[in-house]
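Database features, via TrEMBL:
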- 1-36: region 'Disordered' (REGION)
- 19-29: compositional bias 'Acidic residues' (COMPBIAS)
- 60-494: domain 'Major facilitator superfamily (MFS) profile' (DOMAIN)
- 97-117: transmembrane segment (TRANSMEM)
- 126-144: transmembrane segment (TRANSMEM)
- 150-174: transmembrane segment (TRANSMEM)
- 186-205: transmembrane segment (TRANSMEM)
- 217-237: transmembrane segment (TRANSMEM)
- 271-292: transmembrane segment (TRANSMEM)
- 324-345: transmembrane segment (TRANSMEM)
- 357-381: transmembrane segment (TRANSMEM)
- 387-412: transmembrane segment (TRANSMEM)
- 424-443: transmembrane segment (TRANSMEM)
- 463-486: transmembrane segment (TRANSMEM)
Amino acid sequence: MVTRRSPHPDATPFLSQADEMEEEEEEAASAEGRARVDGEQLEEGVQAVTGVSYSRSVMIVAVLCYINLLNYMDRFTVAGILPDIESFFRIGDSSSGLLQTVFISSYMVLAPIFGYLGDRYDRKRLLCLGITFWSAVTLGSSFIPQERFWLLLVTRGLVGVGEASYSTIAPTIIADLFVSDQRSRMLAVFYFAIPVGSGLGYIVGSKVKDLAADWHWALRVTPALGALAVVLLVTVLREPPRGAVERHSDSPLRYTSWAADIRALCRNRSFVLSSLGFTAVAFVTGSLALWAPAFLYRSCLAAGQCQPCFHGDACSSEESLHSLIFGLITCVTGFLGVGAGVEISKRLRRTNPRADPLVCATGLLGSAPFLFLALVCAQGSSIATYVFIFIGETLLSLNWAIVADILLYVVVPTRRSTAEAFQIVLSHLLGDAGSPYLIGVISDRIQRGRTPSYLLEFHSLEYALMLSAFAGVLGGGFFLATALFIQGDRKRAELSAQGLLQEAEPEERIVVPQRGRSTKVPVSSVLI
């Protein structure tokens, strides 16, 4: 007689597990669907408020990114041909450093003016006028004769007019087109253009000089591309209403006086401390941008591996090679650093609301030792130097998009252009306006009174550039301090943007006794 075997004792649990797995998959699919629907609803809501379609908004960001790329490409074209400029005008390190310092100083002085205008007037017109002026002045700087070095300084200063108009206004347009993670992603795309444009400046400058056998032609590339940028602005850009995407109230945004804006920004600890941290980034990148190719070229001269520049002649191909390699490193590290910074910060933000300043601090503190190693290894191994520069610049690039995002979410919409302007002033005043000149002065002082030699020129610049590594450590400390206040400042800005929190003006304050002493408090806190 044959009996039927009972099912395997584990069969029922197995089927139960399969059911659980199916339920988990359904829940995951449902969550994904909800996220997709929420994202689509957010997109539609933003479009309804701004009156600008999502595709048009992306096109606007692409145009702004292109102009930002030109901005930095023009700025660092000069660094790519610096030895040729020194040879043509017969100038030393101090005068060479002035080229960048004069430009940044002009840019820094004009930024608050355009910040004020950008918060109150038509941003599209301001951008078009600024870029047209910048393109014309840059083209004119390529025709300066040999005995008029001072005129080159003047034109580099005037270039700051156009760049100040753009840098203070463009990020605020992106902030008014996107919110939340979309804004972070678009800012990342926008700030990709900084390292990529800087790298292209070195590459285009050195290559156009080689092809034309004349460094003047390197300064004639960006003006032509600038004319195209104006055409794109006129045809593509539609200005969104300021702060509308963050407003949860029908009442209009409340504008305050310029003096009140400045007082509010000075009381915003996250804005001030993150701006000081970004100043350290500007100090390091400014000094490296101008001097790194020249430093690598001097290491080659000190080792007797290449020929020096002589007055009236084009510099050797070895000098162009160093500019090309440094430019490529800047491009690649920019892509890696900006992208990694945004992605790491976005993931950490889910569990740690202080993630943004902590990622910035990690980038600066981590870059300092690698930059120091790049300097001390330059004479012994150029490969090791390039590797350390690559790592150091990647860590530095973590900051670009994150710092911009911090500013936009801790400052109310009506003050963002002004905040951008004053961050520019602070970061350039104490950062890259003075660092190229300061490095040049230190290098010249070290050489003073000693027998000239290529080895002395190399070591003097090496010791001067070590100041950049120290600045990186200092900047990391400022970002760590920012992490202490970031949550409170962000919440206050969100409530103000939504119309749920009104700031008290000085004339709205009354005196209330407290323990025998008069204390000034807002009227609203007494009436509640």
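One is the number of the first residue shown, and numbering goes on along the chain from there.
In case you wondered, yes, glycine gets a Cβ from its N, Cα and C as well.
Unlike curated records, TrEMBL annotations are generated automatically.
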Look at every Cβ pair spanning the transmembrane segment (324-345) and the transmembrane segment (186-205), keep those 6 or more apart in sequence, and say whether at least 3 of them are under 8 Å.
yes
On the domain 'Major facilitator superfamily (MFS) profile' (60-494), the mean of the pLDDT values is 85
* To do: Look at every Cβ pair spanning the transmembrane segment (424-443) and the transmembrane segment (97-117), keep those 6 or more apart in sequence, and say whether at least 3 of them are under 8 Å.
  => yes
